[in-house]
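One structure is given below, encoded as C-alpha cells.
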Amino acid sequence: MAEHFTDEEIWFVTGSQSLYGQEILDQVAEQSRALAERLDASADLPVAVRWKPVVTTSEAILDVLRDASSSPQCVGVITWMHTFSPAKMWIRGLSALQKPMLHLHTQFGVEIPWDTIDMDFMNLNQAAHGDREFGYIQTRLSVPRTTVAGHVGDPRTTARIGSWMRAALGAAELRSLRIARFGDNMRDVAVTEGDKVEAESHFGVSVNTYSVNDLAKAVYDVSDPEIDKLVQEYEDTYAVAEELRRGGERHASLREGARIELGLRHFLADGFGAFTTNFEDLGDLRQLPGLAVQRLMADGFGFGAEGDWKTSAMVRTVKTMGVGLPGGTSFMEDYTYDLTPGSERILGAHMLEVCPSIAGQTPSLEVHPLGIGNREDPVRLRFTAAPGSGVVLGICDMGSRFRLVANHVTVVEPSAPLPNLPVACAVWEPEPSWSTSTEAWLMAGGPHHTVLTTAVSPTTLDDFATITGTELLQIDQHTTPREFQREMRWNAVYHHIAAGL
C-alpha cells in the first residue's frame, strides 16, 4: 500500500449465507481474509483494505454498510460473493449505503483443479453465480458502482481497483472541501458562474466569499523573518532571475510575492482546501497573486481564476486522486492554436497561475509586467509542461445538472523556444484531432478554464463521475461529432429521469 493515505481505508465485505454450515463459512472467512490481505499488500492500491467478517443475514449486511456510511475513515466498500448470497438480503443494506462501492467479481483460486474437483469444491467456490445474483439486485436498485472482474493476483485487476480507490478518495475530499473565494466572479463571464447551493447538495463542497481585504490583512501581518526564510527557499529551489535576488533591483518584488504567499497560507490554514482570486478585485494587494498560487497548487490546493470556484474544486479533487502518481495537475486555460495542417496543437497557459507539478524542467522565477489588474509587476514561475499522456477536464453548470467534459490529450514539447512568453505554459495535441476535439468541446458547452492532469487516468475520472452521479462526456480517439451529439441528447434525457429515480 502507498504511504500517502494513512487515515483512510476501504472495507472488504464478503457475502454468503448460513445454509452452508459453519465449516464452509469458516473457509469462506479464511479465504476472503487472505484475499483482502493480498489486496492490502498491493502497491497499486493507495488505501488500506480492511477485511470485515463475512455477512450472512440481512441484519448483518445492514449493520456493516451503515457502519461504513458513518465511518469517517471508510471512503468506500469492496463487495464479493464468495458463495451464493441470496440478494434480497442485501436490499436494506444497499439502500442505506452512502459510500462508493466496487463489486469485485473474482474467486480465491486461479485454476480449476481438474483432477481433484468435487462437490465440496463446487459448494465453496460459487462466485461465478453468487456475483451474478448480487449484480442483479444492484442493477434492480439502480445502485451506482464500479464492477471489476479478475483475479487479485492479476496486476490488471489491482490497477483497476486502485484507479477506483483514487476516484473514491477524490469524492471523499470533495464532500468535505471548503473553498475560500476572494471577491466575486469576473464581471459578465457566464461559464464561471454556477449554483453553489446545488454544488453543496450534489458534491458536498462548501463555497463562501471573503473580502480580498480580509486576505490583504493576513498578507500584511506577515513578519520580515518569515519573508527572509521563504525567499531563501525560493533561491534554493528555482532558477531565480538575477534582478530578483538579494541585492537585485527588483528584489522587493520577490519579497512582496513571498509576503502574499505567506498571507494566503495563513488564511487557508483555517480549514480551506481550495481558493479563487479575481484580477478585477485586488483590494489592498500590491500584486496579483501568481507565484503564491503556483506554489499552493504544487502543495495540493485547488485554484480557480476570476472567481471560478467550480474549477478550483476540480483542481483540488484531481490532485487528491493523483497523490503519489507520476505527473502533475494544474489549473489551465486554452489560449491559442497552432493550426499547421496535420500537426494542430493547443497552447494552454494563464496570466500567471500554472502549477509547477507539470513542469518539465526546473522553473525560473521571474518578474514581468501584467497589463491587467492595475497593480505592480507580479512575480511568477516560468516553465513548459513535461511531455506525456494527459487529460483536460472541465466542469460546467447546465442548469439541471453539472457536466464534466474530458479530452484525452498528449502533452508535447513546443515546436520552438518561447523566449518572449513570460508565463508558464503547456502544449498538447488533443484526441482524436484538433477539429473533432474542439467541435465536441464547443457542442458540450465545455469551459475555457480547465484542469490539465498527466497523473490521473480517464478511467479514474469515469469512476469519479459514477460515484458522484455526474454527467461525464469523454472526447477520445473514438469520438465523432455525430455520435457525440447523439450522446449528449441521450444524456439530457437520462439525467432528467435519473434525478427522480
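Cβ atoms here come from the backbone N, Cα and C positions, even for glycine.
Swiss-Prot annotates GLU306, HIS350, HIS449 as Mn(2+)-binding residues; of GLU333, GLU366, GLU431, the candidate listed for that same site is GLU333. Each of the binding-site residues GLU306, GLU333 was scored by the other Cβ atoms within 10 Å of its Cβ; the lowest score goes to GLU333. On its own chain, HIS449 (Mn(2+) binding site) has VAL191, THR192, GLY304, ALA305, GLU306, ASP308, THR311, PHE331, MET332, GLU333, GLY394 as residues at least 6 apart in sequence with a Cβ closer than 8 Å to its own Cβ. Other Cβ atoms within 10 Å of the Cβ of HIS350 (Mn(2+) binding site) number 21 in total over all chains.
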